[in-house]
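Structure record follows, encoded as structure tokens.
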Amino acid sequence: MVSIDWKSDLRQRGYRLTPQRQLVLEAVDTLEHATPDDILVEVRKTASGVNISTVYRTLELLEELGLVSHAHLGHGAPTYHLADRHHHIHLVCRDCGNVIEADVGVAAEFTAKLRATFGFDTDMKHFAIFGRCKDCAAEAARGATTGSTARSSTTES
């Protein structure tokens, strides 16, 4: 559900909370990390006449106003989430596609080193780290153990 803060924030900046903006905000809220196409599918459950260009324009405006934020979690379209949630880094599992939100504080030492070494201030809320989640890592380890056990038993024969 759209919060009163969003409505007042839009009004203070001279914008109205149109039905399309409300639907896009609600879709972003519901879906969390969603591409514009995902958001369109969600919006069309309520308003079938909304098109992808409306979603893109709305997301662009909402991001300019600081209501939504985007991140690039792979080679496809950016994903959007509400900006009023805590700032976080996206940990993206290359195996299952799961996205874990880690507080930006876990990267404090890294960002401090970048600032000290290069004078570079980071925008960590757009940052994604790719790797393997603990479940997929455990599955891969089981597979490696099973594979090495199978190889060693055929070698011993």
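Note: Cβ is positioned from N, Cα and C throughout, glycine not excepted.
Since we're looking at a predicted model, the values are computed, not measured.
Around H87 (Fe cation binding site), the same-chain residues six or more apart in sequence whose CB sits under 8 Å from its CB are D103, V104, M124, K125, listed in sequence order. Under the heading Fe cation binding site, TrEMBL lists H87.
The Zn(2+) binding site annotation in TrEMBL covers C93, C96, C133, C136. In the three-state DSSP scheme, C96 (Zn(2+) binding site) is classed as coil. Its Cβ placed at the centre, C96 (Zn(2+) binding site) has 12 other Cβ atoms within 10 Å.
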Going along the chain, which residues six or more apart from C133 (Zn(2+) binding site) have their CB under 8 A from its CB? L91, C93, D95, C96, N98, I100
Report the residues of the chain - excluding C93, C96, C133, C136 - with C-beta within 8 Å of the mean position of the site's C-beta atoms, for the recorded Zn(2+) site, in sequence order. R94, D95, G97, N98, R132, K134, D135, A137
